[in-house]
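Visitor: Provided herewith is a single structure, encoded as structure tokens, for subsequent inquiry.
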Amino acid sequence: MGVVIEREEWALTPLAYPLLSAAGLAAVLLLPYFSARAAAHAAGPSPSPFDAGAGPFLRFRRAFLLLFALASVVEGIQSVFGEDEFVRCGLGREQMAARLAATAAAALFPGAISGVISDKIGPRSACIFYWVLQLAVGALKSFSALRCGWINNFILALASSVFSFCFETWLVVEHEKQDQKQDLLFDTFWLMTFFESVSLIGSQEITNVLVSNGDNGFLLPYAFAATLSIVGILYIRNASSTTQHASAIGSYQKSFFAHVLRDKRVLILVLAQASIHFAVSAFWFLWAPTIVADGRYAQLSVIYPCFLASRMLGSAGFPWFYGATAPFQNEDSLTIAYIGAGLALSIVAYDYQEIGTLVILFCIFHACVGFILPSLARLRTMYLPNELRGGMMSFSLSLANAAIFVFLLQDAHRRNIENSTILGLASCGLLGAGGCIHMLRRWRKHTRQNARSL
């Protein structure tokens, strides 16, 4: 007589995603009525974050956010299948790790210098290069015979590296060209994170609509991504260009050493950016195995949007915590966010939890990430020359990618690194970054006191 083992499925409450999304939208819609700028407008609320700015920059900003949202949709489509894409290509766990490790190693050097090249050729050309890379990946994956090629992973890794800085650099250059207020730039930073989260959710819905049960259905999302890439290329080519005077290689090298490698404030931002990038990468590798560990079962496709909605909420909370009337200084709020994200991952790493608790902890982590990303962009604007932004960001990403490559290589050959160890190291990196941001706050306060004494 056989033994029947019943498997109980954990179900997420249906109100989780709507409540998180509603909270994020409420934080955006209520901002004009409760922000510091609303207090200065006695006649009524301040303009909406979507309507702020002068005519030319407002038009550019709206078009830029739309283009960035399309780029985020393409990013989401290229990564929505995750492990299932490797399984359909017939790869096992060790082969997946080896493929990802080889891709990380191959893209490590090109990704590291891509920011420098972006600073030399201009962010507008770098954005076109990003769309060309996405067009190449989408075109290759649209054919079943080419879908599993290693070159696809390499191009996609390089495109993700360029995506992380090219649009932000383009925005900053255009903002400086039109001589706008910094508040508009800071608002656009958190709107970028907000739109990215919304677009990633939308990419999942688009993929579900395009995918059918057959294998050919999995090719349609990539064809759609290639089409969006063509739209992005055509728009940027027709957009007005920003005049840039590129500096010589030698002068750029001297400036990079002086303003990045020898400035402890910028080095802190480099380490902080590397720690959050490594933590987010570790999360995407390990969140699904952590939730379904020990034979547990849950619908991961239902849980995934809650993480992105939490990120929306975190980014929408950013404008409430900076400015003259904010309860904390931006560095203090950023320190708290880093500590919150680090503690959330540390509990996941070193204490066995039920699925519900894990989902809550991961939502807290993503809310902190949504707050951290625009905060770091704001600090880069304060401490880093705009002409070095791409090189500095690619340098920080290369540090995180090097660590990711080491762990993937170990997992591919020896499998002697536990998932809890990787999450624990990511947690330590976030906690250390929080301490560094606190030091940055103290240094700036000390500098102000010395200036007043003089």
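Keep in mind that glycine also has a Cβ here, set from the backbone N, Cα and C atoms.
Annotations in TrEMBL come from automatic prediction, not curation.
Sequence annotations record features per position, and here TrEMBL assigns transmembrane segment to 15-34, 63-81, 96-116, 150-172, 184-206, 218-236, 266-287, 302-322, 334-352, 358-379, 391-409, 421-440.
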Visitor: The transmembrane segment (150-172): which same-chain residues, six or more beyond its ends, come within Cβ distance under 8 Å?
Guide: 64, 67-68, 71, 75, 78, 99-100, 102-104, 106-107, 110-111, 114-115, 118-119, 123-124, 126-127, 129-130, 133-134, 136-137, 140-141, 185, 188-189, 192, 277, 377, 381, 386, 389-390, 393-394, 397, 401
Visitor: Taking residues 6+ outside the transmembrane segment (391-409), which of them lie with a CB under 8 Å of any CB in it?
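Guide: The answer is 97-98, 100-101, 104-105, 107-108, 111-116, 118-119, 161, 164-165, 168-169, 252, 256, 260, 266, 269-271, 273-275, 277-278, 281-282, 380, 384, 417, 422.
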Visitor: Please determine whether the transmembrane segment (15-34) and the transmembrane segment (302-322) are in contact (criterion: at least three Cβ-Cβ distances under 8 Å, sequence separation 6 or more).
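Guide: In this chain the transmembrane segment (15-34) contacts the transmembrane segment (302-322) - 3 or more Cβ pairs sit under 8 Å.
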Visitor: Any chance the transmembrane segment (334-352) and the transmembrane segment (184-206) have 3 or more Cβ pairs under 8 A, given the pairs are 6 or more apart in sequence?
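Guide: The transmembrane segment (184-206) and the transmembrane segment (334-352): touching, no.
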Visitor: Sequence-remote contacts (6 or more beyond its ends) of the transmembrane segment (302-322), Cβ cut-off under 8 Å?
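Guide: Non-local partners: 12, 16-17, 20-21, 23-25, 27-28, 31, 34-35, 49, 186-187, 189-191, 193-194, 197-198, 200-201, 204, 287, 291, 328, 330, 333, 337, 359, 362-364, 366-375, 378.
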Visitor: With Cβ-Cβ distances below 8 Å as the criterion, list the same-chain residues six or more beyond the ends of the transmembrane segment (266-287) that contact it, or say none.
Guide: 82, 164, 259-260, 307, 338, 341, 345, 362, 365, 369, 372-373, 376, 379-380, 383-384, 392-393, 395-397, 399-401, 403-404, 419, 422-423, 425-427, 429-430, 432-433, 436-437, 439-440
Visitor: For the transmembrane segment (63-81), name the stretch out of 184-206, 218-236, 358-379 with the most CB-CB pairs under 8 Å.
Guide: 184-206
